[in-house]
Structure formats: C-alpha cells, structure tokens
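**Student:** Have a look at this one before I ask anything.
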C-alpha cells in the first residue's frame, strides 16, 4: 500500500485537530483512499504542552524547516496561521516540490496570488478547503461539482462569531455589547474581536470565493467591508416586522461585465434558507445557470470541522499521488492562463434596496424634509413608518426603498444627517430580496 | 489540448440537458478543466424530434450500440433510464473499457452490485452523482469531502414530488388527492405517481447513500418503505401544534453494529433545517464524527440541475484521463476489498418516538382502554390530546410517545384497531427529534 508522508506545521487548535483525525480515523481513511497517510512530523516551537495526541517518538519536532526539508515528506500542512512565517514556510515547501494544504484565509486573501503562481509553476497542489466555511465543501463544490455552470452569485454567512452575536440579539433582544461579551465568554469570539465583528474575516473568505467562482485574480482590497457593531435590537425588531432577519452576509455577484464583492449586515426574507442559519453555524448559497440555487450548511469553524476539511485536502492529494494526477484540478478552479482581470464594481455603483432608520425630532414637517431630500437623489420609497417609541425626545423614522444607487444613498444620508432635526448618524442596512416583494406590515 | 469523446445514450429530458450544457457551457468547461469535452454521439431511437440542440452532422444517431463500439469514445453517459436496456448498455460499455456516467438510481439500487463489480474489474470509472439529490454534490461530499469522518447518519428529503405535495397540504390545508392533482398539473408528478408518492424513488437513493456512507453492499430489499398517501391535513395541523413539520424522510443510521435504513413520513422540529425545505426542493443532512452535521440543499430533479451533476461526473473522469488517475476514487467510496456486510436492522427493532392518531368513539373509558393497551406493550406516553372536532361521531385522540420499539407499537396498534370503539386504521407517524424535547402545547 502506498504511503504518503505528512508534516503538520503549527500545532495549535487546527493542527492538533488534523493530527487527531489522522490518528483516530486512520483506519477508515485507509479503507477509503487505499493509501497510508503517515503523520511524519508535527512541528511546533512548543513541543512540551500535552495536546492529547499519541504521537510516535520523533514526530513532534520544534523545527518546521527541518520537516519541509525532509525529502520523504510529500504533503506539508500549514496550520500556523498569520501572514508572516506561514507565508515563508508555504513558499519554501512549494519550492521544495511539496504539495501544500492550508486553512489560512487571511494569507491567501492578501498574499494568495504569488503563492498560487509559485504552486502552479512548481506543479504542486495547493489545497485550502478549510479556509472558507470550515467543514463545508464549498471549494470542492465550486471547483468540481459546479464545473459545468456559469456562476452568477454567491451569498454566505461566513463568520460564526457574527452569526452568533446577531442570533443572540435577535432571540433575546440584548444589545451588541452584551451579545459580544457572551460570545467571548463561550469562546466564540476572541478577546480582540475586531477581525470577526468588523467583517474582515468574512471578507478574506469572500475574496477567495469570488476569484474561484468567476475566474479572476484575488482582489482583497476591492471588497467593501462593514461589520455588525452598529446593529441594534430595534433594527432587528423592525426587520422582523417586514419579514426579514439581519445577517452578516458576504455577497459576490457577476453579471458578465463586473463583479460585486461586499460584506455587510443585510436583511433577508424569512423564507430564504440563510435566514434560518443560527448560532455559530455558517452557510453558503451559490446561484448558477444550470443548478439554480444550491446551499451548503455546517460548522464554519472549530477544531474538528476544520480538521475534516484539511484532511479531505490531504486525501485528495494522496489520491493524486497514488493514481498520478497532481494538478488535476487547478488551484483557483480555472486553468491559470484563463484567469482574467474582472473589474470589481465600486460600492458607489451598487444598486439594491435599503432600510433607513433616522432618529428624528417629533415635529411637523420633519418627515417631509427627509422624504424631500431622498426624492432629490431619486431614491424612491416603498414603505415609511413613523409611529414609534420616543428615545431621547426623538422618534425612529423607518423607511424601505425601492432599488437605489449607493452613491445617491450616501449623498442623501449625509444631507439628512446634517439636519438639525435628525439626532444622530442614520442607520442604513441593505436588503437582499430576490422576490422584491412589496412589504405589507406594521 | 486533450480531447475527451462523449456518447450520450438516451435523449430524453436528462440526456437533452446534458447535451445542452456541454454545448452551451463548453467554453467555461474548457477553461476550467483544460480538456475539450467533445460530444461525439447522442444516441436515441427517436432522431427526429427537435430538442433544440445544435448538433453537428453525424452526432445524433439511432444506434446506441454503435456509439459504445466506437473506440474513440471515452465516456458513455447513460440517460436511458429503467432497468432493462440501460443495464445492458452500461455493462457493454464497461466491458469495452469505457468510463460510465449514469443518473439511474433505480438501476443502481436494484442491480448495482454486479455493475460496480464489473467497473472495478475493468478499471473504469462509474460515476452517478446525478442519481441522488440532483445537482447537490452528495456523492462527492461523502466519497471525498467527508473522507476523514466516520458517518453515523444521513437524513434526506430526496423526492421533490412528495415534498411538493406535503408543502401544499401544509400551506393550504388541501388533502392529499388535491395536492397530488396539482403536482401532476404542474409536471412535478407523473401520471402514475406511485414510484414517487409511495417512497420507492427515495428508497432507491437511500440504498446508494447507506452503501456509500458505511462501506456496505447495496441492500435495496432491506429498506423499509412507507409513502405519504395517508397523510391528512389534520395530522399536519397537529404536528404544527407540537412544533413539528411532516416530511417524507429517507433515514439511514449506523451505530457501529447494524444499519437502519427507512423511508417514511416523519415529524421533525421547526428548528431542524430540513423542516424549512419546501416545494420541490431536496436536502440531505449528514452526521459524522468530525464535522458534526452538514447539510446540502438544492434542486433534486429537473433537466438542468440533473445535467449539472452528470457534467460534473464527466469532468471528473476527463480530469482523470488528462492527468492519469482512473479509479482514483473507488466507485462506492471504499476500496472494493474493504466493503463488508453490515446487517440492516429489521424494522421491528427500530426504537423511536411516535405520533398516533386514533378515531375513537366519544365515550367514557375509551381513552383508558387505548392507554391500557399501550401500557401493556411498554409504550410510555409523553402527551395525550383528546379534545377535538367530531368527525363521523368520532373524535381524534392524539398521542406522542417516549422512545418505543416498533414491534411493540405494531402489536399495540393492531390490538387497538380491533376495538369496537376505534373507528378506522390508526395513524402512526414516526418522529425524529434529536433534542427529544418535551412538548408543551395545546
């Protein structure tokens, strides 16, 4: 039986999970793949901490470079994280002809293009299923299962921390800070939660998805990113009255000309499957010409779900090594010479539906003033609601728009915010509602 | 650029869809795969009907055997359907060293074992993604993405006709016959709907899934099958009061000893993602040790979704031909010599929760009699409801049980049905509720 030798670099949560899965489920992996996946090295500067792994002597080593240098190692698994040493190690491994598996979305989103180029040049596989959506096989689905489709859109709940917080606010009416504190207490949010709650992590994943879906280079800097820290229980309550839930969505669309790529809180209808994705769970829906819509749902993070995805990549490469098919599936889903530049639409040019909430003084003429400004910028209203609780002497004025252009909305809201009679920064939440159904509530 | 030659046998709905997709999306397939997928033959006895395909001269032929016999053909796509000529053609193609793609679940479920053995023996790929769940990549997910997992259960809504009918009864309160008539009018159900509504079609798919998930041979005859034709709006209404929806589920479970494999109407809680799968849509959830639960959702049937799955299989094989990896993934997910016999648990030994509805005479002592019989068979009740509308002088008595054994339930219900005071055949619906939550309603 063919033996494939594996070196795991970095034995934190994910690295430990991968080692555990290879050890605990080695028998079933062998029965399925027909190869022996041999864990030759686990390299980590901390070789002392007990991680509950029964490693053979000599497997745990402090020196990642030595693991990469061993000519017997076939596959290098990078679970170090970050954009520094991880990048160096991956490039070194590729240079030495090793196949590489990584879960490092930040690295791939920000420095992926040269890494992908190096892998292609050296004829090695670079696999990264775990970098988007944890255990959900979204990379494989796009690269392989949807291969006959023209993909037009992907919409994902890609950050479990944000989804947990929004679910908590929705279910219990607590505010953002309280929900975040609970997420931190449960280990669902980091001490510094910025990367998650401000949308960066979801944007890293979206950068990879857009590139994969449409055959373009990764353009992280072109993604519009807005987090969830301004969402209030009041907005969630209004959303519910309109038949919507608020989710942090990562959205990418391609109309054949340009691509949209944006991460922001979004209202979606109750009957959209994504609105039923709660807690730390993730989901991604893909719209494509042959399949219509399909959706994957599962744990987007966590030790063992992530390890499952890493091990599926290892198995794919092992199968290639056994049957002789390295480079069988190109890294970014398209043949390298078919990846073309596609313009990412500036946020100003996005056209969608909007929810606005203004804290306005309860005086005659205020609504007319606000509506007048919106009208001036060609923003047409579908729904207006002004009856509400007074907060600090002001009342919430809520509006839903028909399709409007982001640039117009930005200008109109700036003008409205400058009014004496409007109390604080207006709230804006974009709406994704394919049916474009007229709301009929309150 | 490598050219891979394809012959489609049978140009009905699915065959036409596959041809259309290969023609319309040939450019993107080429850009992704790096091979030319050449549609060399479309073989159908009817070469006259206009299917809207722009085929080159000589592609449409009446003789499938000639297409198989052409040494230039690499991949044979069987979209004839049925268990007769389709089987002969597949075995002939395998015998001639062709790789085979099929969407024929009935054939694989009932005659799959010898076909799989032939493919293995001849070293050709046999791919069947489209046979379960239409465009959802469930076969690939199980064989490749979950390769490092021990799968413990799969639960699917695998028949769009049944799901449409149940959704219709749920949403509109119409009875089964009216919902079926509407499904037929919309083309979602056949003139003879038996195969769908009596659960056979879902069972074909479940047979394949169980074999794939657990590494056993396909055992179609061991699957318990019960359709949806007895489900009434009243049962759906009661279910809703308990927080449940009724779906036709295909369920398979493996506890390490024996396998459960059953298709029947099932109550599931509102917060189970499957309960939100409506209309003709399908979904499958997989429970496994590393990932926890994951779910795929999408169109389980229809020309283009099915074609998408067939084309993904074609692309996989083309990649194997280009890179040299035929047999890279074994047909049934496990190395052939690792497929072992696993006992399918007789239905009598299933333990689950039950919903019963008896049409009982509204007389003192009736409830006590029924409850007494249930108690005699060690069936313990979680909930009893007797207040209700009178139908034909009788009232519905509804009960939910704690865990009970099917054999006990069968005996108890036979005894109850024989009572003078119980009007007609009792209704029994099994409940899948992981939380086993105590209901607290009505």
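Each Cβ is built from the backbone N, Cα and C atoms, and glycine gets one as well.
Pulled these from TrEMBL:
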BINDING   B:9, B:10, B:11, B:12, B:13, B:14, B:15, B:16  NADP(+) binding site
BINDING   B:105  NADPH binding site
BINDING   B:190  L-homoserine binding site
ACT_SITE  B:205  active site, proton donor
DOMAIN    B:355-430  domain 'ACT'
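Could you place these features in context, so I can see how deep they sit and what lies close by?
**Tutor:** The Cβ of residue B:13 (NADP(+) binding site) lies under 8 Å from the Cβ of B:303, B:306, each on the same chain and at least six residues away in sequence.
Within its own chain, residue B:105 (NADPH binding site) has B:128, B:131, B:132, B:201, B:204, B:205, B:208 as residues 6 or more apart in sequence whose C-beta sits under 8 angstroms from its own.
With a cut-off of 8 Å between CB atoms and residues at least 6 apart in sequence, the same chain places B:161, B:184, B:196 near residue B:190 (L-homoserine binding site), listed in sequence order. Secondary structure at residue B:190 (L-homoserine binding site), taken from DSSP and collapsed to helix, strand or coil, is coil.
The Cβ of residue B:205 (active site, proton donor) has 25 neighbouring Cβ atoms from other residues within 10 Å, across all protein chains displayed.
On the 0 to 100 pLDDT scale, the domain 'ACT' (B:355-430) averages 91 in this prediction.
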**Student:** Among the binding-site residues listed here (B:10, B:12, B:15), identify the one with the smallest other-Cβ count within 10 Å.
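**Tutor:** If we count Cβ atoms within 10 Å for the binding-site residues B:10, B:12, B:15, the smallest count is at B:12.
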**Student:** Helix, strand, coil residue numbers for the domain 'ACT' (B:355-430) per DSSP?
**Tutor:** 23 helix, 28 strand, 25 coil
**Student:** Please state whether DSSP places residue B:14 (NADP(+) binding site) in a helix, a strand or coil.
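**Tutor:** It is helical.
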**Student:** Name them in sequence order: residues not among B:9, B:10, B:11, B:12, B:13, B:14, B:15, B:16 whose Cβ is within 8 Å of the mean position of the Cβ atoms defining the NADP(+) site.
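**Tutor:** What remains near the Cβ centre is B:8, B:17, B:18, B:19, B:44, B:79, B:80.
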